[in-house]
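S.K.: One structure, as structure tokens, below. Some questions next.
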Amino acid sequence: MIDFRPFYQQIAVSELSSWLETLPSQLARWQKQTHGEYAKWAKIVDFLPHLKTARIDLKTAVKSEPVSPLSQGEQQRIIYHLKQLMPWRKGPYHLHGIHVDCEWRSDFKWDRVLPHLAPLQDRLILDVGCGSGYHMWRMVGEGAKMVVGIDPTELFLCQFEAVRKLLNNDRRANLIPLGIEEMQPLGVFDTVFSMGVLYHRKSPLDHLSQLKNQLRKGGELVLETLVTDGDEHHVLVPAERYAKMKNVYFIPSVPCLINWLEKSGFSNVRCVDVEVTSLEEQRKTEWLENESLIDFLDPNDHSKTIEGYPAPKRAVILANK
């Protein structure tokens, strides 16, 4: 099973020490309520070997290189274990000569977002809805002091720990299996990321308030979410599904989203990027058996979802507390 005690030791001597008032008991409850597959996934992490690493690159990729090349048999055993943790959604990872080609080219998003950010060097960072942690490792590559990701999905936790093990057990990033609504307001993070979360929230303004409560005064929010065209009054509320997703509630226009952030008390709100999701960025691979973007779009008109809504378009908004 995954041991959170090293994380407790890390935060005991950091600005996050007050989190120890609630976090250990929360995770103890979580461990009693885990999904039936969790024990199997955690064992797969245990089965992965400890490998000597010659070089780790988190600046331009998430990549580890072995001291000596792995044999074909060693590679195949690792691939077998990693494929037991499918589907791999956010990546890619290059681990000891193994290319984990995930559904999403999350490096595309990172390349769009990074140039606009306040430098991450020596920052304490929270990544909300972090998935398997790809962007967390890229934040570490930019010199972050510590990156904490939160995501309640047990598979993502096990994928993260598998990658960590193949990155020489790097402790600068940690994934905690909670939702932001379960976090006590800490108010200490220099940068808070929420990417691909807001449209899944029934109450988007509550989510913005929760993000603000984790930031220090002057800290930076990085918000990436689905948007639609329109003025400051326009919000798309899908009837049943959007791109085959049942849990999409509100897709605002960029001016509307800026208004929400200002209404929530953020300052210096600005949109730095808007991009239609491409079939190169989200696609099927051998590491994903499920459907992907091509299956969610109108086969005769890729500017629309299969339900007839505008195809996914994402904006990056920055703001300060």
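Positions of Cβ are set from backbone N, Cα and C atoms, glycine also.
Swiss-Prot lists these features:
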- Lys90, Trp104, Lys109, Gly129, Asp151, Pro152, Thr153, Ile180, Glu181, Met195, Tyr199, Arg314: carboxy-S-adenosyl-L-methionine binding site (BINDING)
S.K.: In three-state terms from DSSP, label Thr153 (carboxy-S-adenosyl-L-methionine binding site) for me.
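M.R.: Coil, per DSSP.
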S.K.: At its widest, how many Å does the recorded carboxy-S-adenosyl-L-methionine site span between Cα atoms of Lys90, Trp104, Lys109, Gly129, Asp151, Pro152, Thr153, Ile180, Glu181, Met195, Tyr199, Arg314?
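M.R.: Answer in Å: the longest Cα-Cα distance is 26.
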S.K.: On a simple 10 Å Cβ count over all chains shown, which one of the binding-site residues Asp151, Glu181 is most densely packed?
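M.R.: Top count of Cβ atoms within 10 Å goes to Asp151.
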S.K.: Among the binding-site residues listed here (Lys90, Lys109, Thr153, Tyr199), identify the one with the smallest other-Cβ count within 10 Å.
M.R.: Thr153
